[in-house]
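A.B. asks: Let me begin by handing over the structure; questions about it come next.
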Amino acid sequence: MLLRFTKMHGLGNDFMVLDLVSQHAHILPKHAKQWGDRHTGIGFDQLLIVEAPNNPDVDFRYRIFNADGSEVEQCGNGARCFARFVLDKRLTAKRQIRVETKSGIIELDVRSDGQIGVNMGAPRLVPADIPFQAPAQALSYQVDVDGATVELAAVSMGNPHAVLRVADINSAPVHELGPKIEHHPRFPARVNVGFLQVIDRHRAQLRVWERGAGETQACGTGACAAAVAAISQGWMDSPLLIDLPGGRLSIEWAGPGQPVMMTGPAVRVYEGQVRL
């Protein structure tokens, strides 16, 4: 059978989006891995699946597969593309959309200027909730990587993140440390790794090594986690502008127990069909 799909991106973080509300198919990890290959498939960072909800209090269910076939809990840039997609495809007329994810409910707001705001919910900082192995919660942790000590913050935005502060974003060891921290035994579910350079109290630059995808052009949940770490440690103040290789995100966070608000664009690239 042929399935219709849409290729989209949020700041260069690119997605294949499938509507399984009006189409019906059973998507497996092997399909995500096959389609995600940039040489022999369609090529993407993540596959986003739009489904009818299980919960009557939400509008849609949102599933996410990495290009390596692993299903993950959350994707912030994908959430913005999800909102743009369901409106463009007339699956809803709402501009405030509630979506069920593997890690909970998020709220999407499609604004008149085309930007999309996402209420990502409150960050989780208790180590067991991330998950991260540590005896107690702290603002930062020291982790042994190949005999060297790396200081990092650990945050869950529905998916796990490690945040490292660096002096120079251009020389940050993203490809050296990223995969080692991603697979570090203290992160039993693996982890996304952000490298953050603080510019001033409200501006920063960020590169992210994504779990199951490698370095991407942008990572929405990574920007949220970096903002939480920077505000918690007193490096920065809300609101924040975070520049990633693919563009800029606006992040607001009022402090512990409060939701993180992310705002940025979502772009449709092309439509296609793929054989299942």
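Keep in mind that glycine also has a Cβ here, set from the backbone N, Cα and C atoms.
I grabbed these lines from Swiss-Prot:
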| type | residues | note |
| --- | --- | --- |
| ACT_SITE | C75 | active site, proton donor |
| ACT_SITE | C219 | active site, proton acceptor |
| BINDING | N13, Q46, N66, G76, N77, N159, N192, E210, R211, G220, T221 | substrate binding site |
| SITE | Y270 | site 'Important for dimerization' |
A.B. asks: Select the closest residue to Y270 (site 'Important for dimerization') from the following recorded positions, measuring between CA atoms: N77, N192, R211, C219, T221.
C.D. replies: N77
A.B. asks: When DSSP is mapped onto helix/strand/coil, what comes out for C219 (active site, proton acceptor)?
C.D. replies: coil
A.B. asks: Closest of the binding-site residues to C219 (active site, proton acceptor), Cα to Cα, picking from N13, N192, R211?
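C.D. replies: Result: the closest of the binding-site residues to C219 (active site, proton acceptor) is N13.
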A.B. asks: Residues near the substrate site, N13, Q46, N66, G76, N77, N159, N192, E210, R211, G220, T221 excluded, by Cβ within 8 Å of the Cβ center?
C.D. replies: D45, I64, V72, Q74, C75, G78, V208, A213, T216, C219, G222
A.B. asks: Report, as a single number, how many Cβ atoms besides its own are within 10 Å of the Cβ of N77 (substrate binding site).
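C.D. replies: Around N77 (substrate binding site), other Cβ atoms within 10 Å: 36.
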A.B. asks: Can you tell me how far the Cα of T221 (substrate binding site) sits from the Cα of the residue listed as 'active site, proton donor', in Å?
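C.D. replies: Each residue's Cα considered, T221 (substrate binding site) and the residue listed as 'active site, proton donor' end up 6 Å apart.
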A.B. asks: List nothing but the largest Cα to Cα distance in Å, as a whole number, among the residues N13, Q46, N66, G76, N77, N159, N192, E210, R211, G220, T221 that the record says bind substrate.
C.D. replies: 17
A.B. asks: Note down the number of other Cβ atoms within 10 Å of the Cβ of N192 (substrate binding site), including every protein chain shown.
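C.D. replies: Its Cβ has 28 other Cβ atoms within 10 Å.
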